[in-house]
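Data first, discussion second: the structure below is written as structure tokens.
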Amino acid sequence: MELIDKIKMSVKDLDLFYGDKQALKKINMDIKENKVTALIGPSGCGKSTFIRTLNRMNDLIEDVTIKGNISVDGEDIYTSDDVINLRTKVGMVFQKPNPFPMSIYDNVAYGPRTHGLRDKKQLDKIVEESLKGAAIWDEVKDRLKSSALGLSGGQQQRICIARAIAMRPEVILMDEPTSALDPISTLKVEELIEDLKKDYTIVIVTHNMQQAARISDETAFFLNGEVIEFSDTKTMFTTPVDKRTEDYITGRFG
């Protein structure tokens, strides 16, 4: 019997406007649990705008209007006022590593402390588990009190991933998490993403076609604020349905 993948997030008829300018048009997408979904497309196509709707980061921008429905486990994220709880459940890792100017330990403990956790044993456990989960524990375990700003770019990005998973999210959003990293650091983060999907649902924006092909289970191709094609990654990269998808992934435009 074929197992049916559980839908973790569902997007229905999503429109987004910046003032009068429409940036996203009628987006429909089911994001499967414990899978990596890649968002690809040329610069300015709407993929970063889209990923930020998934944990309401666009709420911070003035003059934004959002129509349609986005749900996590069947619950509409835009009908609740509890944005903090949403961002606990749906974590985010940004393009440029952005560790806080504090120790490695305090970076990872920041979220749990903000939510009221003060017990040192529990914090120690969360910090260690999160750093192990982000595949950086062995590199930093002897210098947890050192500043996170003293780490390499690749290490800083893994600290940011550890900081995200310290909140025990269910979904991790990644907006071009390796674009500022060297090839070796990129490979480490890609290996980490492959490992993380056992416990988390991951949505990643990437400009790198090879990266999308390597690490994702499903891929959505965005163009001019629309999803042109959304399918399992192997199908998209071998037998795309839409000519525009084929033109993009073969490098005819971008």
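Just so it is clear, glycine is given a Cβ too, placed from its N, Cα and C backbone atoms.
Not measured: the values here are computed from a predicted model.
Annotation comment: Swiss-Prot describes 9-249 as domain 'ABC transporter'. What Swiss-Prot records for G41, P42, S43, G44, C45, G46, K47, S48 is ATP binding site, and it gives sequence analysis as the kind of evidence.
Feature map: annotations from Swiss-Prot on the structure.
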residue	record	Cβ within 10 Å
G41	ATP binding site	26
P42	ATP binding site	14
S43	ATP binding site	8
G44	ATP binding site	13
C45	ATP binding site	23
G46	ATP binding site	22
K47	ATP binding site	28
S48	ATP binding site	19
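Secondary structure from DSSP puts K47 (ATP binding site) in a helix. Regional average pLDDT for the domain 'ABC transporter' (9-249) in the model is 96. For the ATP site, the Cβ centre of G41, P42, S43, G44, C45, G46, K47, S48 serves as reference, and the other residues of the chain with Cβ at most 8 Å from it are F222, L223.
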